[in-house]
Amino acid sequence: METKIIDGLALSKQIYDDLEKRIKKLKNIGITPGLAVILVGESSASQIYVRNKVKACEKIGIISRQENYQDNISESELLKHIYRLNKDNKINGILIQLPLPKHIDTHKVIEAIDHNKDVDGFNVLNAGLLMTGNPLFCPCTPYGIMKIINNENINIRGANAVIVGASNIVGKPIAMLLLQAGATVTICNSKTKDLESHTRKADILIVAVGKPKMINGSMIKPGSILIDVGINRSSENKICGDIDFTSVKSIAGSITPVPGGVGPMTIAMLLTNTVESAERLIKD
Ligand code: NDP
């Protein structure tokens, strides 16, 4: 079987084209969408992620305001910056690059973001709205995955969807979205017994664990769609996903590559959420 390689980069470009038109319309009535990105500390991985998000904003005409703080910033000081951004009417979205230093309570910081500007969709109210089928902001990676699956014309209703990884930012929200779209959903975690017995039944397999190449060809159903969320470094120091691409190729129906699959879609959906947030100013 020839496995289709799903081009997440190309799909993200289509999304940017559409966003550019929507931003133009907003600018015509005096609104320029604005995203604030807060980075605490100097982790090089976080710096790269933030730089990519800021660059993507600039490319399509979203104002991005990057605020960098030293990793010894106090929790109360950081919260003050969030309250200030909550009130700033030029800012439609606020993103805190995770992880935060250990002395800061991440939950408290995420909860401080006005839910109307929580473009990552991580705070409790937004998680609840998603769970009850009425999302204000879908978390960006799950939102991007749904766009990929829909763009592939995969029939979700009645499909067996298996998700490996149960984090609040990927595994749980994608499970909710697939469930609401009519899939029969299984969520696996580190305690799951006989993982293969689940993954082999998956018509749609989503892997978000952070372990290089942990899923191989013997663990998948022939013809299935594989969504690889993982971003890892292989033993050869190359970026790779959680799925062993070489081993599943020619067994899977389609697969998102790493890099070039889910990653670009995550940024595209962050910008989509920011534009949607700005558009709500006219609808309200
Ligand atoms: P977390 O570390 O928060 O969660 C990992 C999940 O995997 C946990 O639920 C854990 O189970 C589960 N797990 C660990 N080992 C196993 C195992 N052997 N079998 C089954 N499940 C297991 O990770 P994230 O969700 O934040 O990220 C996952 C990966 O996705 C990372 O590589 C990250 O870099 C990447 N990522 C990529 C994005 C993109 O845009 N492409 C965006 C976000 C993340 P338990 O709950 O029991 O601990």
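Placement of Cβ uses the backbone N, Cα and C atoms for every residue, glycine included.
Any TrEMBL annotation is an automated prediction that lacks curation.
Quick look at what TrEMBL annotates:
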BINDING   Gly165, Ala166, Ser167, Ile231  NADP(+) binding site
DOMAIN    6-120  domain 'Tetrahydrofolate dehydrogenase/cyclohydrolase catalytic'
DOMAIN    139-280  domain 'Tetrahydrofolate dehydrogenase/cyclohydrolase NAD(P)-binding'
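Neighbour list (Ala166 (NADP(+) binding site), Cβ cut-off 8 Å, at least 6 residues apart, same chain): Lys172, Ala175, Ile187, Cys188, Asn189. Applying an 8 A CB threshold to same-chain residues 6+ apart, the list for Ser167 (NADP(+) binding site) reads Ala208. Ser167 (NADP(+) binding site) falls outside any helix or strand according to DSSP and counts as coil.
In the three-state DSSP assignment, the secondary structure recorded for Ile231 (NADP(+) binding site) is coil. In sequence order, Gly171, Cys188, Asn189, Ile206, Val207, Ala208, Val209, Gly210, Val229, Asp242 make up the list of same-chain residues 6 or more apart from Gly165 (NADP(+) binding site) whose Cβ falls under 8 Å from its Cβ. Across the domain 'Tetrahydrofolate dehydrogenase/cyclohydrolase NAD(P)-binding' (139-280), DSSP assigns 53 helix, 26 strand, 63 coil. Within 10 Å of the Cβ of Ile231 (NADP(+) binding site) there are 18 other Cβ atoms, across all protein chains.
Applying DSSP to the domain 'Tetrahydrofolate dehydrogenase/cyclohydrolase catalytic' (6-120) sorts its residues as follows: 61 helix, 18 strand, 36 coil.
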